């Protein structure tokens, strides 16, 4: 309830942050598991996950909202709720606030003690220029089916993207010369050229879903059908395989089917390589590990002990 009420106050002021919060959960879980490692800050000599290239465009306000939620939770029940669980709950409640499905979020994740290196981030976050084979080379080893991957891609029904994340479809990125991507619908392409007048534009943004950019529905898949998807990775779902294309068609025709599969994918994603039991910790602040004090551990450990102490990939209690 504390997570939801704090989040709703923030989203009532700016609903566009829902997409940013959903993305934080995805970028956390796909790199060394759902452990809150994305939230840790680094230094010039030891850069954190946030400094890795795929994370440079994460919304600063979304990170701030997580801190606000964590502060509110700590004020009510200090040392009980992890930042990893806050991320999972905030993503779920953001989807619901934007019009998407509600779903149960298993709780009990522990926070990691350290963040991943840039090379690990690069190896585990799909790029906007990925084709279908490259997407599944990342999703598949994590236990996701083709249907799971297409459903989770539907998260792009909300949010925006900077021009330099899709300008490979508009320009020769080496010379800056305009090109014509045959998989871009003409009027959509013309609009993107007006938004992004030059290559490597890191300022201007375009909506990921041209139809309902701030409403969580299935119109993303209609865009894909019409060759009006923003990323190469989005359009590849329809152009690279009849199997994935059939899934796109089914999601485009029935929102309820998409919502059902999206929920299954999100629940599965939320349990990727979680830390449980005595693994990790419950951070008091999401941006830094706890002080390495034995007395501090003695205070909180009896509260959070579950008895089962294994990195099983599953969390133990459910909300």
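Backbone N, Cα and C atoms are what each Cβ position is placed from, and that goes for glycine too.
For 27, the entry in TrEMBL reads active site, proton acceptor. For residue 27 (active site, proton acceptor), other Cβ atoms within 10 Å of its Cβ number 21.
What TrEMBL lists as Ca(2+) 1 binding site is 28, 31, 33, 35, 37, 49.
If you look up TrEMBL, you'll see 126 marked as substrate binding site.
A simple way to gauge crowding: the CB of residue 156 (heme b binding site) has 24 other CB atoms within 10 angstroms, across all the protein chains here. TrEMBL lists 156 with the feature heme b binding site.
Counting only same-chain residues at least 6 apart in sequence, those with a Cβ under 8 Å from the Cβ of residue 212 (Ca(2+) 2 binding site) are 157, 219. According to TrEMBL, the Ca(2+) 2 binding site annotation covers 157, 209, 212, 217.
Proximity of residue 34 (disulfide bond) to non-local residues of its own chain (separation of 6 or more, Cβ distance below 8 Å) is seen for 25, 28, 84, 87, 88, 109, 269, 270, 271, 272, 273, 274, given in sequence order. Look at TrEMBL and you will find 29-34 (among others) tagged as disulfide bond.
Here TrEMBL flags 83-286 (among others) as disulfide bond. Under a cutoff of 8 A between CB atoms, and with a sequence separation of 6+ in the same chain, the neighbours of residue 83 (disulfide bond) are 36, 39, 66, 70, 111, 283, 286.
The disulfide bond annotation in TrEMBL covers 163-196 (among others). Its Cβ placed at the centre, residue 163 (disulfide bond) has 21 other Cβ atoms within 10 Å.
Per TrEMBL, the feature domain 'Plant heme peroxidase family profile' maps to 1-290.
Here TrEMBL flags 23 as site 'Transition state stabilizer'. Cβ neighbours of residue 23 (site 'Transition state stabilizer') (same chain, under 8 Å, six or more residues apart in sequence): 58, 59, 62, 155, 159.
A gap of 22 Å separates the Cα atoms of residue 163 (disulfide bond) and residue 49 (Ca(2+) 1 binding site).
Over the domain 'Plant heme peroxidase family profile' (1-290) the predicted model carries a mean pLDDT of 97. Of all the binding-site residues listed (33, 126), 126 has the fewest other CB atoms within 10 A of its CB. When the binding-site residues 33, 49, 156, 209, 217 are ranked by how far their Cα is from the Cα of residue 196 (disulfide bond), 209 comes first. The Cβ of 217 has fewer other Cβ atoms within 10 Å than any other of the binding-site residues 49, 209, 217.
Other than 28, 31, 33, 35, 37, 49, the residues of this chain whose Cβ falls within 8 Å of the Cβ centroid of the Ca(2+) 1 site are, in sequence order, 27, 29, 30, 32, 34, 36, 38, 112, 115, 116.
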